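As recorded in TrEMBL, the features of this protein are as follows:
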BINDING   Glu130, Glu197  Mg(2+) binding site
COMPBIAS  16-29  compositional bias 'Basic and acidic residues'
CROSSLNK  Lys279  SUMO2 cross-link
REGION    1-33  region 'Disordered'
Amino acid sequence: MSGKEGSGGFRKRKHDNFPHGQRRDEKENVNPSSALMTSFKSFQLELDTRHDKYERLVKLSRDITIESKRTIFLLHRFTSAPNGEEILNESEVKLDAVRRKIKQVAQELIGEDMYQFHRAISPGLQEYVEAVSFQYFIKTRSLISVEEINKQLIFTAEDREETTNMTSNSHDKQPHTWSLKVTPVDYLLGVADLTGELMRLCISSVGNGDIDTPFELSQFLRQIYDGFTFIGNTGPYEVSKKLYTLKQSLAKVENACYTLKVRGSEIPKHMLADVFSTKTELIDQEEGLS
């Protein structure tokens, strides 16, 4: 054992040679107005501001998700409602409220790189894509494009009654515009979630006596599935992860069409939905065992 290690066998640290009081005096003697301290204070302020903005965006994304889900629940009543036009009009009002939330997100991202905050807003945008594409399908029986979605997300100051964070000078009367673009990945993930809602629409349509909708949905879902298989493993991980759920939804709709075609004449219309629900549970059990 060397003499440097002492009797306890532990080597002394370099700063142990200085008394604690001396180190405390050195800390108190730090000049708060020095260039180094000023730089660190500016870094602290910048990080706190960015963190606060991130939290605000997370809260807005949650609000967008909640309102979009409520719109989807409303649209599922379209097949059973006596007046479907009222359901579509009410859903448009709800989607306008969602777009006002998205406008607040666009205002928060002015002068910022959207991809630095993408994880905060991505869940809400995906849910919005799902809701607006579901409404578009009910209206037109086709899939809305990402360009059409982004056209709806260009806002001006006249879109709402009060304008915040704006001065009241005369030169501010020129229109202020904000926009938020849905990324291709968010669009694909929203469309993948749409297939689950279309599968539910298929089952509820059969329960209401609509025999044509399941075959139409089967062809539509097959086209979406073929499009996703072209992406395969070359796309983002989240997209390939959604492919399994999309395949499940397609299998359930195709199973419903098979039952309608083969046994539709044997089963009363009011019992078809129960038969599909039972078959769907069996498919889920088989896939869970495999």
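From the backbone N, Cα and C atoms, a Cβ is placed for every residue, glycine too.
Remember, predicted model here, so these are calculated numbers, not experimental data.
Residues near Glu130 (Mg(2+) binding site) in space but far in sequence (CB under 8 A, at least 6 apart, same chain), listed by position: Ser68, Ile72, Gly190, Val191, Asp193, Leu194, Glu197. Within 10 Å of the C-beta atom of Glu197 (Mg(2+) binding site) sit 19 other C-beta atoms, taking all shown protein chains into account.
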